[in-house]
Amino acid sequence: HTQLFSLCYFVLLHRVPLIKGKSARESLEEQGLWNEYKGKFPFNPTRFDDQSLYVSNEQMTNDADLAYFGVISIGTPPQSFTVIFDTGSSNLWIPSVYCSSAACANHKRFNPSLSSTFKNAGKSLSIRYGTGSMTGFEGFDTVVVGGIPVKNQIFGLSQSEAPFMAHMKADGILGLAYPRLAASQATPVFDNMMTQHLVNQDMFSVYLTRNSAVGSMVTFGGVDTNHYSGQIAWIPLSSQMYWQITVDSVTVNGQIVACNGGCQAIVDTGTSNIVGPQADISSMARAVGAHSANGDNVVNCNNINNMPSMVFHIHGQAFTLPASTYVRQSTYYGCRTGLQSSSSDLWILGDIFIRQYYSIFSRAQNMVGLALAR
């Protein structure tokens, strides 16, 4: 009987493979355009500003290092799109045929008139980015994610997009944070999966590969035991909007270097680096031997093996990031740490952290589970 049970359970996990592609930064570096781009679109990792917390504008980040994309389809018959599965936002949106921005011209565009199940929601949508915005309108249609057909899913169809989005590999974004964060009160995809009883458990988990282009995975409905080893540490959320948790401190070589007395952090697949307040990030960079150059915290590539680990202390447990995980190597610009400062007090634990720790997002328990990725 147990064998039969585990087989059934296996079938109920819905996996969406993610491709690790070239990030915008890698493409721009190859073309020799990175410095110009960086000057034009200064990175604004702040996903939030308090004034706009409850209005229907959602900040998203123009993150040039994002590299993981998965495929979904929308409509009947299905039209396919690559999206960033983003636990730091809550809306689903894709480019539409009504958009003539440069960013839409080089991405796939949804044509609602070709879908027999599309309904116009009669509502406009505006999503702000660090350096511009996406504007459009909302519609309802069947969205298929990992083989799961989600009926009457509300989503945004862009009519204009900020210029920097032309450099992004993904067509659009699928937000996996809480409904409170959604622009225009749109119901997030995972909320519909739960209410339509399409998942076995009200949770999803994310596995990101280090180097390999294939193998990364978002699993809806449970946990994939192949992707982690050891115990799962369950951490209660401190707020249910982002996947927000309390970090107790950050240490290097046993000394507290950041987040002294505790800080708030979000676990965010839609940000590539680790982002924190300026003073703390500078202190961490100094502690690991990085120096600031050209807007990056730069290190000597030959030193990686001798650099110390960073340890995030969360809910009584230590989460260690060895130098090999937090140093990014570029073909053109040498080595830099994946540490970035922002003007917010809210920390972001992005892909650098998630590559090391398999991340489980439980809506049933309002907790994040972290386990050593393998």
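Each residue, glycine too, has its Cβ placed from N, Cα and C.
Here the structure is a predicted model, which means the values were calculated and not measured.
Residues or ranges marked as signal peptide in TrEMBL: 1-21.
TrEMBL lists 68-371 with the feature domain 'Peptidase A1'.
Other Cβ atoms within 10 Å of the Cβ of Asp86 (active site), summed over all protein chains shown, number 25. As annotated by TrEMBL, active site applies to Asp86 (among others).
The annotation disulfide bond is assigned in TrEMBL to Cys99-Cys104 (among others).
Among the features that TrEMBL reports, disulfide bond is placed at Cys259-Cys263 (among others). Of all Cβ atoms in the shown protein chains, 24 besides its own fall within 10 Å of the Cβ of Cys259 (disulfide bond).
The active site annotation in TrEMBL covers Asp268 (among others).
Counting every protein chain shown, the Cβ of Cys301 (disulfide bond) has 12 other Cβ atoms within 10 Å. Residues or ranges marked as disulfide bond by TrEMBL: Cys301-Cys335 (among others).
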Counting only residues 6+ apart in the same chain, whose Cβ is under 8 Å from the Cβ of Cys263 (disulfide bond)?
Thr246, Val247, Gly276, Asp280, Asp345, Trp347
What is the separation, in Å, between the Cα atoms of Cys104 (disulfide bond) and Asp86 (active site)?
20
Restricting to the same chain and to sequence separations of six or more, state which residues have a Cβ under 8 Å from that of Cys335 (disulfide bond).
Val298, Val299, Asn300, Cys301, Ile304, Val327, Arg328, Gln329
Pop the Cα-Cα gap between Cys259 (disulfide bond) and Asp86 (active site) into the table, whole Å please.
25
